[in-house]
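Shown next, in structure tokens, is the structure this report addresses.
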Amino acid sequence: TIETVCVVWSFTLEESTSSPNQRMTRYQILTLTSIASVNFSSMICYSILGPFFPKEAVQKGASQTVIGLIFGCYALCNLMGSLVLGKYIVQIGAKFMLISGLFVSSVCTILFGLLDKVPDGATFIILCFIIRSVDAVGFSAAMTSSFAVSTKVFPNSIATVLGSLEIFTGLGLILGPPIGGWLYQSFGYEVPFMALGCFLFLMVPFNMYILPSFDADPSKDSFFRLFTRLKIVLICFAIFTLSSGLGFLDAALSIYAIDTFNLSPGYVGLLLLGLSLPYCLASPLLGIVSDRFPSTRPWFMVLGGLFTATGFWFLGPVPILQIKSQLWLVVFMLGIIGFSLSMTAIPTFPEILDCAYENGFEEGLSTLGLVSGLFGAVWSFGMFCGPTLGGFITQQLSFEWAASVQGGLAFLAVCIIIINVFYIVLFITTRISDTLKKTDKADIWFWQFLDHGLPQLQMNR
């Protein structure tokens, strides 16, 4: 069961999240078990659409652009839900928000499985928009709460815990497409949504029982103040490029693979393993490294962005390269993208949180809710723009050009992050130089800096 897996996994995680003489408490284990079950069940329901829904929607009279909008509206409503729910997580209650989000999402998943019974054309399209929009609000409630709760329970090992929890996110993304594709091929359109929707519904009483309650006081901080920090804006743009690329693949890859390689929906689901599996395997390790060596986070984002750009450029590949598209190349590039996504995404949340604390935000559930809501909102905005813009470019030009645009966005984020990193290095170097010039003990301080770093230098000053 999920609970058994989580308990075993939590004891493995202890070495990374606690000191050698301190074991994880029952409170922490129950929280990890709950959040892991939320990540797994939510993502498996989210990811089942990829292998077969675009094809089914085309048969129901939806164009490629409309399909992109259907995927995109989910992200747009997720964006608005994340902002509102992140702001009022203390007033609503983290546990209630998570459980009610699961309930809404499970009901909407089941209802989505009944859409093959409605008339083709406008009726089908309108109902798709309505159900997906409500589902998105439920999903945003569960995810915003899960991020905030995880960071509250493990404030000193945020990247490690979030990276480890991505194992279950990755498992959901891995199992969703092949299970959904197989159920669709074997039993038709309704069964995938009914089966996985009921599974998600079972997570409601499960989490009601095991998830602890969290008390906190609301703060006066706002998203506007959070978003006025340049560093946070740049990190948010990097998050946007990641989610935009994933949203594009959700909406366009299955049709491209079916038309180009004559794959069945079941094999398309297996194809998406190339994206999810590297992400699932790499996230825990990168989370541990990110927590133990915080200075590596910007460089993880830079390298991850470069790999992401390369993956999208060769996924098509870019038409100007005149390379013929081959199935092995698509699988390999999906693996590169999956690994690079974990390199870029895992460090972003703790970096935003550290920046918030450095700028005077209160340490507590209220600030965690704001950061979680901001992260979810920016991620959702990318998930809206990716399928919408990607679907339009695919319809007007080709899949290859649309993938090239996604690669260009990732490369632009890399350039911006590099400029910011070099600006920070230049600023620190200038401060050190000015400090050394103002003292007769410059040689002593210089060696102290080499031995202990800038904090020791400032303390002695």
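Cβ atoms are placed via backbone N, Cα and C, with glycine included.
Owing to the predicted nature of the structure, the values given are computational and were not obtained by experimental measurement.
Annotation comment: TrEMBL describes 31-431 as domain 'Major facilitator superfamily (MFS) profile'.
Long-range Cβ contacts of the transmembrane segment (29-49) within its own chain (Cβ-Cβ under 8 Å, at least 6 residues beyond either end) map to 2-3, 5-7, 9-10, 13, 71, 98, 102, 105-106, 109, 139, 142-143, 146, 149-150, 153, 161, 165-169, 171-173, 175-177, 179-180, 192-193, 196-197, 199-200, 203, 206-207, 210-212, 250, 272, 276. Here TrEMBL flags 29-49 (among others) as transmembrane segment.
Long-range contacts of the transmembrane segment (61-84) within its own chain (CB-CB distance under 8 A, at least 6 residues past either end) are made by residues 49, 54, 120-121, 124-125, 128-129, 132-137, 139-141, 143-144, 223, 243, 247, 250-252, 255, 372-377, 379-392, 394-395. Taken from TrEMBL, the feature transmembrane segment applies to 61-84 (among others).
Beyond its flanks by at least six residues, the transmembrane segment (96-115) meets 34, 38, 41-42, 45, 85, 89, 124, 127-128, 131-132, 134-135, 137-146, 149, 189-194, 196-198, 200-201, 203-204, 207-208, 211 of its own chain at Cβ-Cβ distances under 8 Å. Under the heading transmembrane segment, TrEMBL lists 96-115 (among others).
According to TrEMBL, the transmembrane segment annotation covers 121-141 (among others). Long-range neighbours of the transmembrane segment (121-141) within the same chain, counting only residues 6 or more positions beyond its ends whose Cβ lies under 8 Å from a Cβ of the stretch, are 42, 46, 57, 60-62, 66, 69-70, 73-82, 85, 97-98, 100-105, 108-109, 111-112, 115, 376, 380.
Annotation comment: TrEMBL describes 153-179 (among others) as transmembrane segment.
Tertiary proximity for the transmembrane segment (191-211) is limited to same-chain residues at least six positions away from its ends with a CB under 8 Å from its CB atoms, namely 3, 30-31, 33-34, 37-38, 41-42, 44-45, 48, 52, 95, 98-99, 102-103, 105-110, 112-114, 149, 176, 179-180, 183-184. Taken from TrEMBL, the feature transmembrane segment applies to 191-211 (among others).
The transmembrane segment annotation in TrEMBL covers 232-258 (among others).
If you look up TrEMBL, you'll see 264-286 (among others) marked as transmembrane segment.
Residues annotated as transmembrane segment in TrEMBL: 298-315 (among others).
For 327-346 (among others), the entry in TrEMBL reads transmembrane segment.
What TrEMBL records for 367-389 (among others) is transmembrane segment. Within its own chain, the transmembrane segment (367-389) has Cβ neighbours under 8 Å at 65, 67-69, 71-90, 94, 136, 140, 143-145, 147-148, 151-152, 219, 221-223, 226-227, 232, 236, 239-252, 348-349, 352-353, 356-357, 361, 402, 405-406, counting only residues six or more beyond its boundaries.
Annotated transmembrane segment per TrEMBL: 409-428 (among others), in sequence order.
Across 153-179, 232-258, 298-315, the stretch most heavily in contact with the transmembrane segment (327-346), judged by Cβ pairs under 8 Å, is 298-315. Through the fold, the transmembrane segment (153-179) approaches residues 2, 9, 13, 16-17, 27-28, 31-32, 35-37, 39-48, 50-51, 146-147, 192, 196, 266, 268-270, 272-273, 275-277, 279-281, 283-288, 290-291, 297, 342, 346-347, 349-350, 353, 363 of its own chain, all at least 6 residues removed from its boundaries and within a Cβ separation under 8 Å. Nonlocal intrachain contacts for the transmembrane segment (298-315), taken as residues 6+ away from its ends with a CB within less than 8 angstroms of a stretch CB, comprise 235, 238, 241-242, 245, 286, 289-290, 321, 323, 329-330, 333-334, 336-337, 339-348, 351, 403-404, 406-408, 410-411, 413-414, 417-418, 420-421.
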